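Asker: Straight out of TrEMBL:
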- 120-138: transmembrane segment (TRANSMEM)
- 190-216: transmembrane segment (TRANSMEM)
- 228-252: transmembrane segment (TRANSMEM)
- 258-282: transmembrane segment (TRANSMEM)
- 302-321: transmembrane segment (TRANSMEM)
- 353-371: transmembrane segment (TRANSMEM)
- 426-446: transmembrane segment (TRANSMEM)
- 452-471: transmembrane segment (TRANSMEM)
- 483-513: transmembrane segment (TRANSMEM)
- 539-789: domain 'STAS' (DOMAIN)
Amino acid sequence: QKENTALDNDTVGTYRQPAAYRVQREMQTEEHFQAYFERKLSSTLGGALQNPRENRQLQCSFSWGRFRKITLKMFPVLNWLFSYRFREWFLRDLHAGLSVGMFQIPQGLLGVWLTRLPLPNINGFLSAFCCSMTYVIFGTSHHISVGSFSILNVVVTNILKSLNFNQTLSSNGSLDNFSDPAFMKDYMEALTLTASITLLTGIIQLLLGCFCLGFVTTYVPKTLIDAYLTAAALHVIVSQFTFIFDVMLDFYKGPLDIFYNLFHFFLALPKANATSILLFLLSMVAQRLNTSIMITYKHSPIAFPMELLLIITVTIISNHIHLHAESSSAVVSMIPQRFLPPTPLDLSNLSKIILHAFSLAIVSYFLLVFVGERYASLHNYNIASNQELIAVGLCNICSSFFKSFVVSCAISGTAIQEKTGGRTQLAAAIGASMMLVIALKLGHFFQMIPNGILAAIVVFNVLPFLEKFLDIPILWRRDKYHFVIWLVTFAAVLCLGLDVGLAVAMGFTFFIITIRSHRMKMVVLGQIPNMNIYRSLSVYRAAREIEGIKIFQCCSSISFANMNHFKTYLLHKMDVKAVPLDESEMRALISLNLSDTAVERKDLKCSCVCDPPLPPPRIPYTEKLVKRCHADSDSSSSSVNLVHWSKYGDKLSSRTLLVGAADAQRASPGFNTGCRTEKNEDEGRGACLSPGSAIDNSSVQLDRLEQPMYLPRPVHTIILDFSMVQFVDLIGSELLRQIIHMFHNIGVTVLIAGCHSSVIADFEKNDFFDSCVTKETFFLTLHDAVLAALDKHQKPDELEPTAEEFAEEPLAEQQKVEYLA
C-alpha cells in the first residue's frame, strides 16, 4: 500500500501544473528607474567603485588568512601534503614512483644519442633530480613528470650547429678525444652555451610568470590542445626511429622536417639492425598484452608495471648475453665521469640566442601545460597555468646549473606515472630519489639495455595521444569551427615544428574566436499569445508579430567590425535603404546645431588667437532613409489578446489592451512612417529634408488617405532587444545613434530594451545621448518597451477605460504581486 501511495504521489507530481504569477507595476524606463532607485556604483565608471578623494588613505594590515592563501599559492605542495591520505594513496604513489624512476635511468642515458653532446652522467642525473624536486614543490599538476624532451634537445643541438659549435661527439669517437686540449676547449664552450640557453629560457619563463602572463592558456580551446599533442606525439615517434632501426642520422630542423627525416630513415632501412627491430616489436607486444592485466587496489584499477618488469628483466639479460644491438654504453663509456661545476652565463652570444631561448621557453611551457590540462581533466582537478610557468622556469634555472638541456614535460614518463596509479607528486619525488640513488651506484648496469627496448616504451606510452584521430568525425558533426582549428593546428605543428606551428595555431585560433565573437546575429522576435514572452518568429510557430512594431534581438556585442552588418540587416527588414544627404540637406542639418546669430556673423567675428577653437558641429546623421523600389509583404498578422497590460493614470484606471485583426485594419492618426502604400508611393519620392529643415517630408500622413479595410498597420516603432549585448564600442555607438536619428526622421521611433548597466555606462562615456536619443527610450524589459509603444500609438477612444474595467482593479491592487499556483 505504501508503494502504491508513493507511485500515486510521483504520478501527481509528474502532471503538476506550472506555477503562474501576476505582477502589477508601472512601465519603467532607465530614466525613471535611475531617478527613483539610487545606484551604489557609478555607471560612468562601468561599475567601478568610486571612492571620494578626501577619504582615501593608505591602510596596511596583516591577515593570517591572506598569508595562508598566498603561501599555499606560492607552494602548491602544501595543498596535498597536509591533506594526504596515507592509507589510500601511498602504495599507489610508491608503485608509480618505482616505475617512473626505473624508466628515467636508461632514458637519461639515451639523451646523448640524440644531442651528440656528451654530458657526464652525474650532471645529467643530478639535473633530473633537482628539476623533479623543484616541480614537486612549485608545480600544481598531480601527474606531470618533468624531464628532458627529445625534440627540444634536438633544437638546442641545431642552435649550436648554427653558431659553429661542431665539436660534438660522433658515433665512432673515443675517449682519447677528451685528452686533446682543442677538443676539450670546444667541448666546454658548447656545454657553457647550452647552459646559457637553458638559464635564459628559465629566466624568461620566470619573468613571464611574475607578470602573470600564464593566463594566455585560458584562451586556448581544448581542440587546439588535442591537435598539438597529437602532432607532438608523431614528432616523438619519429625521433625514436634512430633507436628502433639502430641507424644514426642527422636530424633536419626546419619546415617539413618530419617528412625529411622520414624519407632519410626509409633510405637507411637496408642498414637497419634486425635484432633491434625484433626487440622493439617484442616489447610492443608485451606492453599490448599488459593492457589486459589489471591490478585493483582500494576498488581502483592500476596498470600492471610492465615497464618496470621489462627494464629489470632486459637489464639482467643484457649484462649476461650480448644481444647484438646498440646500447648507450657505446657512447657513455667515452664521456669522462666527473662532475662539471656551474659556470657564468656566456653573454658573448646573447643577441644570437635570445630569440631561440624565447621560442624554447614558450614551447616548453605550453607543452607542459597542455599535458597537465589533459590529465587534470581526466582526474577532475585544476592546474594554475601561471604557477606552472613559474615552476617550469625554476626547473630550467636549476637545469642550467648542471649544464643540462631545457626541460619540460616528459610525455612518456607522465603517461607511466598516471596509468600506474600515481595520485600526487609524491610519486615523482619517490621516482627522482630512486633514480638518483640507483643511477649513481648501479648506473653502469643499465648502460647495456638495448635502445630498441627503451624506444618501445616511449612509443607505446605516446600512442594514446594519437587516439584523438578517432574524434575527428564527431568533431565535424558537432562544431565546424573547432574542426577547422584542429586541422590547422595539427598540420601547422606537424609541418612547421612545435614552435612555429604553435604560433600559427594560436594566431589562427584567436582569429577564429574574434570572428565568431564579433559575428553579428540578428533575430526578429514575436510575442507568444497572452504572455510577456518573446521568441524568434522563424523558430516558434506560436510567436506572432505585433502590428506596427518590429522587434529585433541582437545576439552579440556591437563594435566597428559588425556595425555595418547590423545596419544593413535592419534596413533590409524595414524595406528601406540609406541615401546620402546632398549639400543643401547637410547645411540645413548643421544649421539646427548652430544659433542664427553665430551663423550670420560668422565672417565678422573677431577673436583672439589664444582662444581655443570651437568644436565642430555635431551632425546626427549623414544619410536619409527612402523606400525601396520593390514591395515586400511578408508581415504576419497578430493574434488576439497578444498583450495584457494595466495602465494607472490619474483616475487609476485599469484595462486590457487587445491587439487583433480589427485593430490591424486601422492606422493610428497623425503618424508619420517611411512605409508607403501604392497610392502615395510616387508622392513621397521627394527629398527627406526641406530647405532649412532636417525633417523628412517624404513620410505620409495616414489620416489624410482612404485606407483599405484590410491594410496592415504600418510600422511605427522599432524595438531593439539588447539583453544579449555585452558591450558597445565608440564606433558602434556613433553608428547606432545615427540609425536612431534616421528612423526618427521618417517618423519611426526606436526603443532599446534590456540594456545592461555596463552598456549604458559605455553609452554615457561615448556621449551617446542627446536631445533625440534619451534614456526615456531605454526600457528595463522588452515587455515594457512593447507596452510603451502600444500606449503611445493607440487611439484616444481605445485608451478610455470602461466602468467594468475600472472596477476590476481596486486601489489596493496597484503594487500587489500575486502568485497563483
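Heads up, the Cβ atoms here are built off N, Cα and C, so glycines get one too.
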Asker: Among the recorded stretches 120-138, 228-252, 353-371, 452-471, which has the greatest number of Cβ pairs closer than 8 Å to the transmembrane segment (426-446)?
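Answerer: Comparing 120-138, 228-252, 353-371, 452-471: 120-138 has the most Cβ pairs near the transmembrane segment (426-446).
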Asker: Any residues 6+ beyond the ends of the transmembrane segment (452-471) with a Cβ under 8 Å from its own?
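Answerer: Long-range Cβ neighbours of the transmembrane segment (452-471): 103, 106-107, 110, 226-227, 229-230, 232-234, 236-237, 240, 243-244, 246, 275-281, 283-284, 287-288, 307, 310-311, 314, 325, 411-412, 415-416.
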Asker: With an 8 Å cut-off on Cβ pairs and a sequence gap of 6 or more, do the transmembrane segment (228-252) and the transmembrane segment (258-282) reach 3 or more such pairs?
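Answerer: Yes, the stretches contact each other.
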Asker: Apart from its near flanks, which chain residues at least 6 from the ends of the transmembrane segment (190-216) lie with a Cβ under 8 angstroms of it?
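Answerer: Same-chain contacts beyond the flanks: 117, 119, 156, 159-160, 163, 165, 167-168, 340, 342-343, 345-347, 349-350, 353-354, 356-358, 360-361, 364-365, 369, 384-390, 392-406.
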Asker: I'm checking region-level scores; what's the whole-number mean pLDDT for the domain 'STAS' (539-789)?
Answerer: 66
